[in-house]
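All remarks here apply to the structure that follows.
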Amino acid sequence: MGWIRASIRWIWGRVTWFWRVISRPSSFLSIGFLTLGGFICGVIFWGGFNTALEITNTEKFCTSCHEMRDNVYQELMPTVHFSNRSGVRASCPDCHVPHEWTDKIARKMQASKEVWGKIFGTISTREKFLEKRLELAKHEWARLKANDSLECRNCHAAVAMDFTKQTRRAPQIHERYLISGEKTCIDCHKGIAHQLPDMTGIEPGWLEPPELRGEEQAWLGGGAEAVHRYLATVETR
């Protein structure tokens, strides 16, 4: 039994020594060593933190959950933001995560609610997702409205637009609302990468054009499909 007591005393002695060192490091270690050690630990921590942060900013990470992979990602694939003649693709974080560091951290903190939803299966089935689609869309519309569609403008600049290459009504709308600052991208361009929810009662960002006045307003009567039909007719004019 004596060797057990000796082992315990030896372990306890090392624990108390370590505690004295970390509680009063300057009494045991030089200032230079502490400074260098603190710098190295800081670099390791910062590098690890940013590496983990960037891993969560990838399309692979976003679609690792079946809720995103089987719903919104499938809707993104047929759109021009996923595949186009120039080969420029907008991934999930390009549109849904701010690029500025401070805003990015704030968004990551907000994502804790999404982790909670994952754990408790808030949108674990297609039916649950469809029930929450409008609520989820409204949250994202409000976020983009608040930051003046910052993620859109990371790629699209009003000053770089060639109005001569746009459809007939687009330059008028952009000049009237976008260039003047009266509206922002998300006011008009909802549902560009994912299917729209039921849009009944949700006003569009644009005004009814004079040539359509007196006709049925698509966004008040037919939901998402009617809005898509209306946009299709606009593109052909």
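Using the three backbone atoms N, Cα and C, a Cβ is placed for every residue, glycine included.
These come from Swiss-Prot:
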TOPO_DOM  1-28  topological domain 'Cytoplasmic'
TRANSMEM  29-49  transmembrane segment
TOPO_DOM  50-237  topological domain 'Periplasmic'
BINDING   CYS62, CYS65, MET68, GLU114  heme 1 binding site
BINDING   CYS92, CYS95, HIS96, HIS194  heme 2 binding site
BINDING   LYS108  substrate binding site
BINDING   CYS152, CYS155, HIS156  heme 3 binding site
BINDING   CYS185, CYS188, HIS189  heme 4 binding site
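Overall, the recorded heme 2-binding residues CYS92, CYS95, HIS96, HIS194 cover a maximum inter-Cα distance of 13 Å. Mean pLDDT across the topological domain 'Cytoplasmic' (1-28) comes to 73 in this model.
With the fewest other Cβ atoms inside 10 Å of its Cβ, the least crowded of the binding-site residues CYS62, CYS155, CYS185, CYS188 in this structure is CYS155. Every protein chain considered, the tally of other Cβ atoms within 10 Å of the Cβ of HIS189 (heme 4 binding site) stands at 15. What surrounds the heme 3 site, by Cβ distance within 8 Å of the Cβ centroid and not counting CYS152, CYS155, HIS156, is the set SER149, GLU151, ARG153, ASN154, ALA157, CYS185 from the same chain.
With CYS62, CYS65, MET68, GLU114 listed as the residues that bind heme 1, the site has a largest C-alpha separation of 12 Å.
The shortest Cα-Cα distance from GLU114 (heme 1 binding site) to any of the binding-site residues (CYS95, CYS155, CYS188) is found for CYS95. Taking a C-beta cut-off of under 8 angstroms and a sequence separation of 6 or more, CYS65 (heme 1 binding site) has the following same-chain neighbours: LYS118. Reduced to three states, the DSSP call for CYS185 (heme 4 binding site) is helix. Taking only the Cα positions, the spacing between CYS185 (heme 4 binding site) and LYS108 (substrate binding site) is 23 angstrom.
In sequence order, LEU53, THR56 make up the list of same-chain residues 6 or more apart from the residue listed as 'substrate binding site' whose Cβ falls under 8 Å from its Cβ.
Taking the mean position of the Cβ atoms of CYS62, CYS65, MET68, GLU114 as the heme 1 site, the remaining residues of that chain whose Cβ falls within 8 Å of it are PHE61, THR63, SER64, GLU67, ARG69, CYS92, LYS118. All chains included, 13 other C-beta atoms sit within 10 angstroms of the C-beta of HIS156 (heme 3 binding site). Of all the Cβ atoms in the protein chains shown, 18 others lie within 10 Å of the Cβ of CYS95 (heme 2 binding site).
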